[in-house]
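So TrEMBL lists the following for this protein:
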ACT_SITE  Glu215  active site, proton donor
ACT_SITE  Glu320  active site, nucleophile
COMPBIAS  383-393  compositional bias 'Pro residues'
DOMAIN    76-371  domain 'GH26'
REGION    370-405  region 'Disordered'
Amino acid sequence: MAAQQRRRGRWPVYIAAGIAASAALMPGLGYAVGAREEAAAKSPVPVPVPTTAATAAATAVPTASASASLPAPALATAPATAPATAEPPAPPPAFGAYLDYGPRGVTRMAKLSRWLDGAELRVGHTYLPGDRWSNIEGAPRFLDTWANWRRERDDRILVLNVPMLERNEESHSYTEVRTLLRQGAAGEFDEHYRQLAQRLVDLKVPDTVLVLGWEMNGTTYTHRCGPDPEAWKTYWNRIVTTMRAVPGQKFRFDFAPSRGHDAVPWTDCYPGDDTVDIIGMDTYDQPQGMSFDEQVSEPYGLQKHVDFAKEHGKPISYPEWGLFRNGDNAAYMRRMLTWMDEHKPLYNTLTDYCPHGVWRCRQNPKAAEEYRSALSGRTEPEPTSPVPTPAPTPGSTSQPTPLPLPLQACSPLDLGTWAEYLLGGKLCVRFDWWSRIR
């Protein structure tokens, strides 16, 4: 049977070959496949992707033993859910530097930015003089330049260190400090802070970060906590309550001890969550010979600071930091920058004068290179608006719109399965064949 089937199969071949030869001599004849390709080239359409669920359309292949099945392309289906929107990159921590307490500090910020290849300094940092109460109230015109800088951009942060007592850097005895703290706790100095709050609101910088009574766990300043921690905490709370009572204020109060134990554990001075918005820390590369790892793990060190803030649900900050007893310490600079990138403080400001700084202190070239390498060109990512996904209309269906078939430029001839198989497709007569023989 198989041999007879093969012999009988030759007759259609001869017939198809004759038809093919005739077709080649006739003007206006062409392959339907070619005609479809020509039309498709003129009007391109996307090709649907076959899916695993597609059904196979059987196409007869002229052999005696078997027939082949070619899969029919399936129409593309709409995704069940919209693709997830990519998360924007986390912004880098806001940073700046203390460059001077007056107008020169603002001018130098632009120069430091150029040194850092255009890096954006979002934080401006200055201090109120602590010599007399009139200056702690914010003397006229003292804060004007800083307020102007802050108002130029909404994303800037103005950080202002505020002394809690006048003659703040003079040597006062333990007993004198305790007496002053108790006077403050009793409300004797409230009016000075009411005046300061009103001045900041009038300058249109009501969201200033106020580093009140900084480094209270040490011995440098009159406003230290050690002589009477309870009176100190009560006094802090009175100042915050007084300033928050001024209409229009949005102040954030930063509790910023110095790193380590110092004179007293800084946790003993913490006035409570209700009057603290940020938990900061002033940290310098000291004492001599102490590694960065030791600065992290020491009692009341960097790790304690991070953990304490987390326990109290507060952001952290580093209002003051820089080099010190260990000189031009590039390793410290690198580790501190990495630490801040990891723990994401609300802001940090390098103390940029000798011996702490890098830009204005030429005695620290190695650390300066580390700082510049890490922060050069650092800016906030530009905000992007998400593209909304159109909501389906009530009349819409989940069925995709069928793809249009390419236009056909000829009329196909029915030559039978065998001839079409040998020719690779259908033959057709072009609609314009008559124009070719006129």
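From the backbone N, Cα and C atoms, a Cβ is placed for every residue, glycine too.
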Sorry to bug you, but what's the C-alpha spacing from Glu320 (active site, nucleophile) to Glu215 (active site, proton donor), rounded to the closest Å?
10
Under DSSP, is Glu215 (active site, proton donor) helix, strand or coil?
coil
Compute the average pLDDT of the predicted model within the domain 'GH26' (76-371).
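Here the mean pLDDT over the domain 'GH26' (76-371) amounts to 96.
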Return the count of C-beta atoms lying within 10 angstroms of the C-beta of the residue listed as 'active site, nucleophile', excluding that atom itself.
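Result for the residue listed as 'active site, nucleophile': 23 neighbouring Cβ atoms inside 10 Å.
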Tell me, how many other CB atoms lie within 10 A of the CB of the residue listed as 'active site, proton donor', whichever protein chain they belong to?
24
